[in-house]
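The block underneath contains the structure these notes are about, expressed in structure tokens.
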């Protein structure tokens, strides 16, 4: 019935085309030369009211109703006209029938379903909005025992699931068999949503159904739904120890599938950790492998230790070939430790830990070696630059980059407004299904941090945080201060070798031999300072050029071809106002009243008018003309 009912909507036209394709290019050319003819208006006069409703012939529908047809009269299968209008998303006809007194919750068809059930099954958000505005009850069950939210979850109609919950439907509403929308989505839908959306809106992953005693995770495992399993285990921390009526737990079910390619590596790590017995947990090796806090501290300590041991190798008075052999052994040891103890998440901490270790040994080297070789003024300048570096680093590391944090009420308001606009704002370019927020212009969802950030620049592993609206200026300060600190280390190290070892730097090879014979530790630290200085120079130049000259972020520069407001400008930033004004806007400070920053609330700036350079909308939702968002995850620099 559903397939036949939707035939009119899927064909695209109620009158099939009668023209035949030309047999050769000459016929095509002759046809192309004919003047265009006006489209022929389809003749609906022979349609009965059911067919007219299915095909959207509202004029014919009005004619038949005005002639006395009862809009609540069902057909032989107890299906009403409102059912046919709903399943074909004929919104004008739905409005007309409701005005004429159609029963909004009429039950009919093989499944004893309401028009709202029919519209939901086909994913017609517009029809659902109209029916619920007229008082349709989404909690009514059909013959299969399912309410509308269960049907929407089964067919992956994420926008409908969100709309039902925003309108007050309990996300944990159970059908006749005790199945929740989360269970149905985990069982039926292999995509990320609506499982993620349901969890974000408060669905309980611990609920069990009446028939089997399964949780949503049980159902996901039975369906081999790797996406749902990963989302439930890693995002919602669903329990692996809940037994169903057969005594099976998600842990035992996953253990029986060990080695299966459809189970993600992170999920299997979680399974192995949960499978440890209490005796295994007490062993030192097990603690090292499975104690996350201990592994985290081991990860942090490794760069500190490796830096020190490598420096000691350079200071050993032996042949260089032996030194290189020792360095190779040192690398093998730490590489083996890393593979055994560190997972992908912990490896993301490596750049931050390397930075902290390098800076810590900078301080030790300056105080123990360089301080006596330089002036008091040089030490003070080094410490001042270091203090400023710490301020900028902490603001970049622990500061809020501009995270968009909606409340539950704001999320519901966003969903309802988007839905009642016709659902035109649910596109990934304008709506984040992970955070359930409308995306302000220049914002982006960072998959590393799993959050939307206003005026997103990039995710920086060297500070372990996103760089966005509220910490971008501190990040720029971090780069400049780090550059200055590295320069001071090179200056101090050269002074140390000149004063303590009489090294002459006009002869490079001779200077390197003298450094190795005198004190290789300071040379090792100088080499690290030079290495860090090289990439910091490149990054600082790139960031400064983008901010001042281009007036765009790293994300915008890499993905400008995906944004409509950049396409309209031929790839140039529509936000640039010239180098001086760009700098003033970025720093948000005035220069003795000569120039004033243009203060824009990027947390709530949603659209850009390329003609007037003004915001045309500052409501909490995106319009259909919003810029395209990027589909990638994040950028590392």
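Each Cβ is built from the backbone N, Cα and C atoms, and glycine gets one as well.
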Membrane side check (same topological domain name in Swiss-Prot): residue 369 and residue 599? no
Under Swiss-Prot, the annotation transmembrane segment belongs to which of these stretches: 276-295, 296-315, 396-415? 296-315
Per Swiss-Prot record, range annotated transmembrane segment [choices 227-249, 250-272, 319-341, 434-456]: 319-341
Feature transmembrane segment in Swiss-Prot, mapped to one of the ranges 346-366, 556-576, 577-597, 598-618: 346-366
Candidate ranges 500-520, 521-541; Swiss-Prot annotation transmembrane segment resolves to 521-541
Between 0 and 100, where does the mean pLDDT of the topological domain 'Lumenal' (367-373) sit? 92
Do any residues of this chain, six or more beyond the ends of the topological domain 'Lumenal' (367-373), have a C-beta under 8 angstroms from a C-beta of it, and if so which? 379, 492-493, 495-496, 498-500, 519, 521-522
